[in-house]
Each structure stands twice: as C-alpha cells, then as structure tokens.
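Data first, discussion second: the structure below is written as structure tokens.
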Amino acid sequence: MPSPPERASSLSPASFDLEEAPTFEDIRSEPVSRRQTNIDLARVESLRLTHRSTVGSSAGPAPREEWLPFGDGKDYPPLLPDPEKYVVGFIGVDDPMHPQNWSMSKKVLLSVILAYITFTASFASAIFSSAIGAIAEKFSISIEVATLGVTLYVLGFSAGPTIWAPASELIGRRWPITIGMIGYSIFTIGTATAKDTQTLFITRFFAGLFAASPFAIVPAAFADMYNNSQRGIAIAMFAMAVFVGPFASPFTGGFITMSYLGWRWTMYISAIMGFFGVVLLIFFYKETYAPVVLMEKAAMLRRQTHNWGIHAKQDEVELDLNDLITNNFSRPIRMLLTEPIVFLITIYMSFIYGILYALLGAYPVVFQRTHRMNLGVGGLPFIGLILGEFAGGVYSLIGAKYYARKLHNNNDIPIPEWRLPPAIVGGIAFTIGLFWYGWTGWTRSIHWMAPTASGVFTGFGIYVIFLQCFNYLIDSYLQFAASVFAANTILRSAVGAGFPLFSRQLFTNLGVQWAGTLLGCLALIMIPIPLAFIKFGPRLRRRSRFAPSPVVFEEKSEAKNAKMRQREGKLRASMFTYLNGFSASARFFWISLTIPPRR
C-alpha cells in the first residue's frame with residue numbers, strides 16, 4: 001500500500017509570496033505585442049481565478065491509522081498516481097465557463113438581481129426610522145430608545161461580513177447570499193410581529209446580521225464577472241443601491257405608517273421584498289466564484305466519464321480555524337492599523353456613511369418640526385438626495401469611459417490613483433451641501449425648497465466619494481480585497497450605527513445652522529485625503545506588503561528622494577492632526593448633547 005502523500009501547502013492568501021509577483025518593470029520590459037496576451041493569461045490562470053483566496057487549506061490524506069474500514073472485506077485501493085492530472089481548470093482566456101466570459105446580457109441580469117437585494121437590505125435599514133414615533137408610543141419608550149432599532153440593524157452590518165465573506169470563499173457566492181436573504185426576511189417578519197421591545201431589538205439586530213450578506217458578497221461577485229475596465233460601472237450600480245435605499249425609505253415608510261396599515265407593515269413590506277429576492281436568487285442567479293464553477297465542471301465530468309478521481313482544487317479545501325481567524329479578524333485589523341491608505345480612506349468613508357444615517361434624524365428636525373410637515377410629506381425632501389445620487393451616477397459613468405481609455409493606453413495595467421480625482425470633486429460638493437443645509441434649514445422664513453435643494457449636492461458627494469474610494473481600495477489591495485472589505489465594513493457600519501443615536505439631539509441642541517456648520521467643517525478637513533494619496537499613494541503602496549499592484553516610478557535623484565521622504569513625514573504628521581481633530585470633535589459632540597435644548 002502506498003503511503004499517503006504529504007499534506008498540500010495552504011493556498012490561502014497568507015501563503016502567497018508577494019516577492020515572486022511580477023513587478024511593473026518586469027511587465028514593461030516585455031515586447032509590447034506580448035503584454036496583452038500575458039496579462040489575459042495571468043487573469044485566467046492566476047491563483048485568484050483558480051484558488052487564490054480561501055478560508056481553509058488544501059486537504060491531503062489523513063494518517064493511515066485514522067482511516068475508516070473500507071468494508072466488504074476489501075483492502076484500500078491505491079491512491080491516484082498523480083493527483084494533479086485529475087484537477088480540472090479553464091481551457092484558456094476565452095473559456096465560456098469562466099464568469100468573465102459570459103454574455104453581457106447574462107451578466108447584466110445577474111447584476112440587476114444583486115443590485116436589487118442590496119437595495120432591499122439598505123432600504124430596510126432606514127425604513128424603521130419613519131416608524132420611530134409610532135413604535136415609541138406603542139411600547140411606551142423614548143424616541144432615543146426606539147432609535148436603537150436603526151442602530152442595531154446597522155450594527156448587524158458590522159458583524160455580518162465576518163460570517164458571509166469567508167462562507168462565500170468556501171462554498172461560493174450563491175448560497176451564502178441566498179441564506180442571508182432568507183434569514184433577513186424571517187427576522188424582519190419577527191420585527192413586524194414583535195410584542196415587546198426585547199423581541200423588536202433582537203430581531204432587528206439579526207435581520208441586519210443576515211442582511212449584511214449582500215454588502216460582503218456583491219462586490220466580490222462583481223469582481224468575479226467584470227474585468228478592470230468594466231468593474232467600475234458594476235460597482236457604481238452597487239453603490240447606487242447602497243445609498244438610494246436609505247433615502248427612499250423615509251417617505252415610503254412615512255406614508256405607510258400614516259395609513260391604516262400602520263408601522264408594522266413597513267416591516268412586512270420589507271420582508272416581502274426580501275422573499276422576492278430569494279426567489280430571484282434561487283431560480284435565476286448562477287454561481288460566479290470561479291473555484292466553485294470549476295467544482296461544478298468537475299462534477300459534470302465525473303458523471304460523464306465515470307472517472308471519480310476528477311476534481312477541482314476547491315474540492316480539496318478543508319475549513320481551517322486558524323486561517324479563518326487570520327483572514328477575517330487578525331488581518332483586517334492589522335491592515336486597518338498599519339496601512340495608511342486603508343486607515344484614512346476608511347475613516348473618510350465611515351464619516352460619509354455616518355452622515356447618511358445622521359440625516360435620518362436631521363431631516364425631520366427641519367421639515368417636520370420647523371416647516372410642520374407630516375410624517376409622509378416630511379420624508380419627500382429626501383428625493384433631493386436621491387437626485388444627487390443619480391447625478392453622481394451619471395458623472396461616474398462619464399468618468400468610467402475616461403478611465404477605460406486610460407487603462408487601455410496603459411496596456412490594461414490599473415493605476416489605483418486614477419480613481420481619486422472625482423472623489424475630490426465629490427468632497428467639495430458634499431461640504432457645500434452640509435453648509436447649505438445648515439444655513440437654509442434653521443428657520444421657517446426660508447422656503448423649504450432651499451434645504452431640499454442642498455440634498456442634491458450632499459447626495460452627489462456621498463455617492464461619488466464612496467464609489468471612488470471603494471474602487472481605490474479594490475485596485476490597491478486586489479489580492480486582499482476580502483480583508484479590506486471586512487476592515488472597511490466593520491468600522492464604517494460601527495460609525496453608521498452610532499450617528500442616529502445623537503444626530504437628532506445634535507441638531508436640536510446646537511441648532512440646525514451650527515450643527516450643519518460643524519459637520520461641514522469636518523467634511524472640509526477631509527477633502528485633502530484623496531489629494532494626499534494621489535501624491536503619496538504610489539510610494540506607500542510600493543512599501544506595503546499587502547498592495548503588490550503595479551506602479552510606475554520614475555528614476556529620481558537623491559535630492560528628489562530626500563524631498564519625498566520629507567513629504568511623507570508631513571503626511572504622517574497630518575494623520576495625527578486628523579486624529580486629534582476627530583478627538584476634539586467627539587468631545588464637542590458630547591458637550592453638545594448635554595446642553596439643554598433651546599426653547
């Protein structure tokens with residue numbers, strides 16, 4: 001009996017040797033006629049497409065003493081002489097089974113399904129806010145306590161990626177996202193039927209935990225299907241779903257709550273939307289994760305050939321607790337604390353995300369309290385934010401064509417910093433929108449259309465900043481994108497969960513004009529963040545062990561290098577300045593909440 005072969009080494013990202021990855025100089029030194037071919041071959045044959053990232057390790061035979069009896073008096077058959085010959089793969093760059101080679105109509109259909117379930121999950125996060133008054137009255141609790149229904153749901157977004165991201169890399173995208181939507185729908189029904197506050201808040205948290213599956217998986221599914229030139233448009237669709245949902249739910253939920261249906265039907269309708277998404281996923285969605293696609297191919301070949309040794313690399317994977325902890329807890333935190341790009345971009349995106357949920361409490365202060373609109377009509381000014389989102393989408397699509405042209409001229413080698421200039425435009429628009437809202441919404445003597453119009457600038461800025469920063473992180477850390485997603489989502493959702501708890505008090509105690517000024521000043525401070533990474537990003541990525549993206553570097557003299565080091569020192573000092581500013585702002589927030597409201 002041949003002895004069992006040694007266990008195969010781990011194929012997790014942690015085992016990938018960054019030093020062996022080709023540099024830009026290696027690629028640039030090749031003949032121009034060969035660059036496109038080599039890049040395309042690398043795209044299909046790279047570890048990312050066949051087994052680049054996983055939460056486990058490749059399984060080898062167990063020690064013989066652990067083997068189960070074969071049965072029927074038979075001895076163990078011999079092992080496969082060369083297991084690698086039985087591993088299936090893609091046939092080349094044009095393999096029709098590879099998701100990136102599917103027809104555009106098929107990819108668009110799957111993208112629409114993914115965008116819909118993302119919209120549903122984000123829609124449910126904010127529709128609860130329109131029913132807070134009715135819920136507080138029903139359960140005899142304060143408005144602040146009732147707001148926990150929004151906070152706990154968004155907090156579920158923070159915890160969810162640690163479950164759904166590794167699951168999608170182990171068994172594929174389809175079933176984790178389907179199970180997530182089933183769980184979300186069931187717990188949302190639990191919220192609708194809640195008889196006490198304990199049930200209400202517990203079901204909201206678990207609904208958010210399951211609803212986090214689209215946020216963790218959809219960007220990865222888009223990366224499965226689209227190449228560098230197309231992925232920006234797909235992520236634009238994802239970002240639209242993420243932000244339009246919370247802005248569409250206040251007036252929808254407001255009219256439902258005011259009607260004979262009552263606040264419980266805001267939850268029932270959200271659950272119905274979730275179950276409809278489950279139907280779409282089960283009957284129309286196809287698996288996009290390439291390693292699992294190869295598993296399906298291997299299963300088909302086994303049935304056709306009756307050669308039961310045929311398998312895919314993903315079939316060899318066993319769940320490894322150590323890799324699971326490293327990839328989904330340790331590495332995201334380490335990247336957040338040691339990578340300036342990840343840290344500052346995530347801080348910026350977290351602030352933007354927090355403002356999104358802060359507006360759920362700020363808009364009622366202006367339109368329902370100051371302008372005396374009812375619950376449904378008072379939610380209609382959110383349409384200004386939605387219009388701004390669509391304007392940002394058009395702007396991003398125009399920019400995507402310009403980006404695709406630059407990418408083609410650079411032999412399809414992406415430079416992450418190309419994503420950032422629109423974020424500066426978005427940052428300026430976002431800041432203008434906050435100042436505009438504060439100084440036009442504080443008094444009834446100014447027409448309600450003025451603060452409503454400010455939402456166009458605010459929505460435009462939120463969308464463009466989020467989209468471009470998201471694409472920048474993906475391009476910078478493509479190999480470790482799952483860890484970057486986890487780090488970004490955990491901090492961003494935690495911040496987003498906290499803002500609704502104090503936004504209403506902030507705008508009440510400080511006054512709309514000064515609360516808007518405070519947030520506008522914070523937004524103004526953050527505008528230089530993308531500009532700093534346009535200047536220093538390539539050098540920071542070159543020194544990073546997590547960002548092996550190709551970067552163009554010109555030869556510099558010693559004087560230029562010394563000057564660059566001096567600028568890097570200034571960048572580090574700026575980081576500490578930002579942190580000190582956030583600390584001071586937090587103290588100011590706390591003081592503002594303790595000041596009695598003005599009468």
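A Cβ is built for glycine as well, from the same backbone N, Cα and C atoms used for every other residue.
The region 'Disordered' annotation in TrEMBL covers 1-32.
Annotated transmembrane segment per TrEMBL: 108-135 (among others), in sequence order.
Among the features that TrEMBL reports, domain 'Major facilitator superfamily (MFS) profile' is placed at 110-599.
If you look up TrEMBL, you'll see 141-163 (among others) marked as transmembrane segment.
Per TrEMBL, the feature transmembrane segment maps to 175-194 (among others). Cβ atoms under 8 Å from those of the transmembrane segment (175-194) belong to residues 114, 117, 120-121, 124, 149, 160, 164, 167-168, 200, 203-204, 206-207, 209-214, 217-218, 221, 264-265, 267-268, 270-271, 274-275, 277-278, 281-282, 285 of the same chain, restricted to positions at least 6 beyond its ends.
Positions annotated as transmembrane segment by TrEMBL: 200-222 (among others). Beyond the ends of the transmembrane segment (200-222), by six or more residues, the same chain brings 110-111, 114-115, 117-118, 120-121, 124-125, 128, 135, 139, 148-149, 152-161, 163-165, 168, 173, 176-177, 179-184, 187-188, 190-191, 194, 231, 234-235, 238, 242, 288-289, 470, 474, 481-482, 485-486, 489, 493 to within a C-beta distance below 8 angstroms of the stretch.
If one looks beyond the transmembrane segment (234-261) by at least 6 residues along the same chain, the residues whose Cβ comes under 8 Å of a Cβ in the stretch are 111, 114-116, 118-131, 134, 215, 218-219, 222, 225-226, 269, 356-357, 360, 363, 374-380, 382-383, 385-386, 389-390, 393, 396-397, 400, 459, 462-463, 466-467, 470-471, 474. Sequence annotations record features per position, and here TrEMBL assigns transmembrane segment to 234-261 (among others).
Same-chain residues lying 6+ beyond the ends of the transmembrane segment (267-285) with a Cβ under 8 Å from its Cβ atoms: 109-110, 113-114, 116-117, 120, 123-124, 127-128, 174, 177-178, 181-182, 184-186, 188-189, 191-192, 256. Under the heading transmembrane segment, TrEMBL lists 267-285 (among others).
Annotation source TrEMBL lists transmembrane segment at 341-360 (among others). For the transmembrane segment (341-360), same-chain residues at least 6 beyond its ends with a Cβ under 8 Å from one of its own Cβ atoms are 125-126, 129, 150, 154, 243, 246, 250, 335, 382, 385, 430, 434, 458, 461-462, 465-466, 469-470, 472-473, 476-477, 484, 487-488, 491-500, 503, 506, 519, 522-523, 526, 529-530, 532-533, 537, 540-541, 544, 547, 575, 578, 582.
The transmembrane segment annotation in TrEMBL covers 380-400 (among others).
Outside the transmembrane segment (420-439), and at least 6 residues removed from its termini, the chain residues within Cβ reach (under 8 Å) are 352, 355, 362, 366, 388, 392, 395-396, 399, 450-451, 453-465, 467-469, 472, 512-517, 519-520, 523-524, 526-527, 529-531, 533-534, 537. Positions annotated as transmembrane segment by TrEMBL: 420-439 (among others).
Per TrEMBL, the feature transmembrane segment maps to 445-466 (among others).
As annotated by TrEMBL, transmembrane segment applies to 514-534 (among others).
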Inset, instruction - Grab the pLDDT values for the domain 'Major facilitator superfamily (MFS) profile' (110-599) and give me their mean, rounded. - result: 86
